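Structure first, then comments.
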């Protein structure tokens, strides 16, 4: 019997892939409508994404097969969703991020900030969180975590070494934050007469207590890096996948919207969320792993000074090894700043912006998008040399001259570009378009009209909790791709501004803090050792609650003027019934 279950478990992926489509067939057979066909595709992809029976990117390609075969959309209409403007923005933004990583500029920024902030326990944790969050705003969460974790552990190892050295010199236990292991030989102490005496009563207990505190500090440092990587990605449109899914699906479901979700508007909304969430996370991790002794945490006690110097030496040594800033690093830094400035000034909201002033159509609308800017700066990376132009000898071909390499080359891009996310985003956009064309969105909206009697803030809170729980066991991009078309239908059905529902749930899709498998940053931190699943679950559960509360605060306050949530927008009428009027929406939201 045990062997039978082992065989089933070993072949579970094959069973799911072959059996699930057959088990779901009654839906499209008994209800032969386009809405049912689209629902069949969504349910099938949801199960495949949750179980990972197929790779996530492969599952995302199913609409290319199923939508044309079921008569929902033409193949050409489906395929165009896989490289739309939002995917171009993602691709262009990653070109710049890869260049920053390839030229090691991110490590220089990280070490410089840590040198400024200092290495006292609480400030050291805050420093790593700030640096990791800032990097995650511009490069992938996985890359920022993979870079910061070795630096964090190098600092911890140096603290441990300093602790052991001082123990040898002074013949006593070090009460500060070092990471030393207890062993049986430490249970006794030798005096000069070579006689072995037991440690005084309470001494072993005190030492064990100190080692536990050092162990907990190490756990806190590991978790602060992976958590801040996920939090930092919330701040920018290109920081994490769900943000781009939101922009793409808003543009797909509501093509008449006035580019309401762009880089500037999203940053204005999400950056305060990131700052508040990051500070609350820092306070929570302090309480959980450092305790309430704030004098000790901030290094006010004199015994912390030597430990601070030890950690500082590690960071200074790493910074010295980088050497002076190269021409390539300076060039990438300038282009990076240029990209951010162009993003912010294209359509800032409080004045027309260069996109509308310089590149507008006959109706006065901007012809360029954030994706245009990203590709423009990314193209420059392939043109600009990485060294000051000059003639040098080619080492591979003696006697031949060779020009300097460019800042970025395609081999590097091909190795570091997460192509699976490109397909995953495209699959989500195809699902959203299929929901619109098939009429499933309108059908769901009509069925959910009874929810109008429920407070909008209550609806959003329940949806955020549901999405945050769901994203713990599946990809955050897949979660956003599945939920956002349905959430848009809910908003239309109860005459709520679509962004009032979609934006907070998009942020909630990134609140995956409880399990090592929830996100790559969690898995990286867990792989360094010293963490148990229960440690991450205990810390992450409270962060999920804090995150949902911060999101609710944001969507019910400063989100209103940024996204104009006061009334039901005219551009959202395209796929909904005409009973939703501005005054009705205004009345509904005023009762929050």
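Count begins at 1; order follows the chain as displayed.
Glycine is treated like the rest: Cβ placed from N, Cα and C.
Quick look at what TrEMBL annotates:
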- 43-70: transmembrane segment (TRANSMEM)
- 82-100: transmembrane segment (TRANSMEM)
- 109-131: transmembrane segment (TRANSMEM)
- 164-206: region 'Disordered' (REGION)
- 182-195: compositional bias 'Basic and acidic residues' (COMPBIAS)
- 220-246: transmembrane segment (TRANSMEM)
- 266-290: transmembrane segment (TRANSMEM)
- 327-346: transmembrane segment (TRANSMEM)
- 366-384: transmembrane segment (TRANSMEM)
- 421-444: transmembrane segment (TRANSMEM)
- 450-470: transmembrane segment (TRANSMEM)
- 482-503: transmembrane segment (TRANSMEM)
- 509-529: transmembrane segment (TRANSMEM)
- 541-563: transmembrane segment (TRANSMEM)
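Between the transmembrane segment (421-444) and the transmembrane segment (327-346), the number of CB pairs under 8 angstroms, six or more residues apart, is fewer than three, so the stretches are not in contact. Only pairs six or more apart in sequence are counted, and the transmembrane segment (509-529) with the transmembrane segment (220-246) gives three or more Cβ pairs under 8 Å, enough to call it a contact. Highest Cβ contact count with the transmembrane segment (541-563) among the listed stretches 109-131, 266-290, 327-346, 366-384, 450-470 falls to 266-290 (criterion: pairs under 8 Å). Residues 42, 45-46, 49, 245-246, 249-250, 253-254, 260-261, 269, 428, 431-432, 435-436, 440-449, 451-452, 456, 459-460, 463, 467, 470, 509, 555, 559, 563, 565, 567-569, 572, 575-577, 579-581, 584-585, 588-589 of the same chain, all 6+ positions outside the transmembrane segment (482-503), place their C-beta atoms under 8 angstroms from a C-beta of that stretch.
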